[in-house]
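J.: Quick paste of what Swiss-Prot says about this protein:
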- 1-10: topological domain 'Lumenal' (TOPO_DOM)
- 1-57: region 'Interaction with grk' (REGION)
- 11-31: transmembrane segment (TRANSMEM)
- 32-56: topological domain 'Cytoplasmic' (TOPO_DOM)
- 57-77: transmembrane segment (TRANSMEM)
- 78-122: topological domain 'Lumenal' (TOPO_DOM)
- 123-143: transmembrane segment (TRANSMEM)
Amino acid sequence: MAFNFTAFTYIVALIGDAFLIFFAIFHVIAFDELKTDYKNPIDQCNSLNPLVLPEYLLHIFLNLLFLFCGEWFSLCINIPLIAYHIWRYKNRPVMSGPGLYDPTTVLKTDTLYRNMREGWIKLAVYLISFFYYIYGMVYSLIST
């Protein structure tokens, strides 16, 4: 059992993906609170907007590690989500600070539904990735 850069990459990806899972869970809970009118949109957007860039940068960093160690399948399964993140951030509403969520439009039914669906899809992708990263870590530790 040897420790190599691929195993290190998968270990870092597991830790980073755990953070991404928590971000996605927080995203889903936050929009469920908005849907049930538990919190007001200004407070909710103020708590969600600072988490957008760290989530995107962490996801891109993990995929740069996969690129550097030559794990092409791991990189390819994440490229669609990275492309969506870039598209979503380019087409964000005009605001004074970084973020995606505008308090004036976040309560519209279609926007709320789209954001909830986005959170659930991200959670599913991150969970599937987490279990694949466990497999990749074990395989890279055993194979060398």
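Using the three backbone atoms N, Cα and C, a Cβ is placed for every residue, glycine included.
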J.: If we skip the immediate neighbours and take only residues 6+ beyond the ends of the transmembrane segment (57-77), which ones have a Cβ under 8 Å from one of its Cβ atoms?
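T.: Sequence-distant neighbours of the transmembrane segment (57-77): 5-6, 9-10, 12-13, 16-17, 19-20, 85, 129, 132-133, 136.
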J.: Cβ under 8 Å to the topological domain 'Cytoplasmic' (32-56), counting only same-chain residues 6 or more beyond its ends: which ones?
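T.: Residues packing against the topological domain 'Cytoplasmic' (32-56) from afar: 20, 23, 26, 85, 89, 95, 97-104, 106-107, 112, 116.
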J.: May I ask for the residues of the chain that lie six or more residues beyond the topological domain 'Lumenal' (78-122) and have a Cβ under 8 Å from a Cβ within it?
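T.: Here the qualifying positions are 20, 24, 27-28, 31-32, 34-35, 41-42, 44-45, 48-50, 52-53, 56, 59-60, 62-63, 66, 129.
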